[in-house]
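Visitor: I have a structure I would like to understand better, so I am pasting it below and will then ask my questions one at a time.
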Amino acid sequence: MSDTNKQVRVRFAPSPTGPLHIGGVRTALYNYLFARKMGGKMLLRIEDTDQNRFVPGAEAYIQEALAWVGIVIDEGAGVGGPHAPYKQSERKPMYREYAEKLIAEGNAYYAFDTSEELEAMKERLKAAKVASPSYNMVTRMQMNNSLTLPEDEVKRRLDAGDEYVIRLKVPRKEEIRLNDMIRGWVVVHSSTIDDKVLLKSDGMPTYHLANIVDDHLMEITHVIRGEEWLPSAPLHVLLYRFLGWEDTMPQFAHLPLLLKPDGNGKLSKRDADAGGFPIFPLDWKDPASGDTWIGFKQQGYLQEATTNFLAFLGWNPGTQQELFTMDELIEAFTVERIGKSGTKFDINKAKWYNQQYMRQLPDETLTRLLKEEADKHQAKYDAAKLPLIAQMLKERLTFAKDYWIEGQFFFEAPETFDEKVASTKWNAEAVTVISAYKEALAAYTGEFNAENVKHVLHEVLEKADVKIGKIMQALRLALTGAGAGPDLMQFIEIVGKEEAIKRMQFALITLSEKVNS
């Protein structure tokens, strides 16, 4: 096993077959937090052995996504380092060397089977009621490979350039044990493992061989990856042993699955599409189909909120604290506090995190975001009043775009009114008070500020013998079109005397039929 005195080295090793799923970002984040906590290094390796599934732009997307959530790569693709190259397609020659070593020592073999022969084998096993037909320790002895063919025939085929793959020779009747950092001891019998292909006919390695060779050569001490790789872990343990690297084998930690919001099954792109929430960190456009998906960033999620949300998808600090800076996450993070069972993907929790972080933004940032939203809608405004509006609305924000959704009435007079509020709060008494208030404001000649317009309102209410609570929603309705919102007196100060009077007059005319109905 890995030497506990060595510097911790972890890697994130995605395949450039499309955009990086948010679950992949979580895996990268856990690797990063662990490396930083242990004073170690974080590597990025691109596992592009499957050239048929390679997608242009995917590698750049991966690097941009990791940078956006605050992950700093110490070594690897895009950075360089002593173990370059960090793309598996550029390391192709070295994998053959290790595959041939496995053959020479009796732990792998050449397999010359055609696709037709492989299909015939599967059909034969299905007919014999074998539940999961596979190329394994039993069926390999009935196939065309270097275990069944004479040595001179194998040599002839190799010399002739016949197509072949190299398969792992899984031992018979053996228990393979793995002590996972999250799940504890995992014990698998070798009879359940098939003879996986290690080197494909095009000379490219499969994931199983390439990741073992690269992890060893890059001195990886801990492999933190998704639960979907747990069934392959015993196979990887065998490879470490067969290659003579058992003593330096990294420690494994297999992360719990990200589940659908209802908890029934693994989270997928289809679930995100159906639920109307993002599943990729950044916008993505498929270069083949032209289909597009919006990312967390472009939907308005802040980097800090997204990172915090992802950290809690399977891990918890064991305290009541929920908001963490990256440095605080690093300090608190331990693999031992990662759960074994799958975690529901709760987009409402992601929104909650964004709300908290929006409220913590500096005043100048909030003002800038408000200005950007107002400019998008070509609104007219007094720039000097924007900081106050930004502060008044910040408690109502989930995303920056909510500045317009929640505060459009600061910039534009309402043309429609909340029907529910109008039907319950707009009555003869409200009309009398609002009419009187409109006239009182028109006659008022003092400084027009929140405190003074409130004083004028109280004078009107006292004369009419009406409690403020009875007409406040109706007054807000007249001024903003809604029944709830920020401080109304401050609002009146911001829009100004002339605009406030004009809005009340419009409401009195437009809603007058409510009184008579």
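Just so you know, glycine gets a Cβ as well, placed from its N, Cα and C.
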Visitor: Given 1-5, 266-270, 371-375, 451-455, which one carries Swiss-Prot's motif ''KMSKS' region' label?
Guide: 266-270
Visitor: Between 14-24, 47-57, 80-90, which stretch does Swiss-Prot give the note motif ''HIGH' region'?
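Guide: Comparing 14-24, 47-57, 80-90 with Swiss-Prot, motif ''HIGH' region' matches 14-24.
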Visitor: Limited to the motif ''KMSKS' region' (266-270), I'd like the whole-number average of pLDDT.
Guide: 91
Visitor: Including all protein chains shown, what's the count of other C-beta atoms within 10 A of the C-beta of K269 (ATP binding site)?
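Guide: For K269 (ATP binding site), the count of other Cβ atoms within 10 Å is 13.
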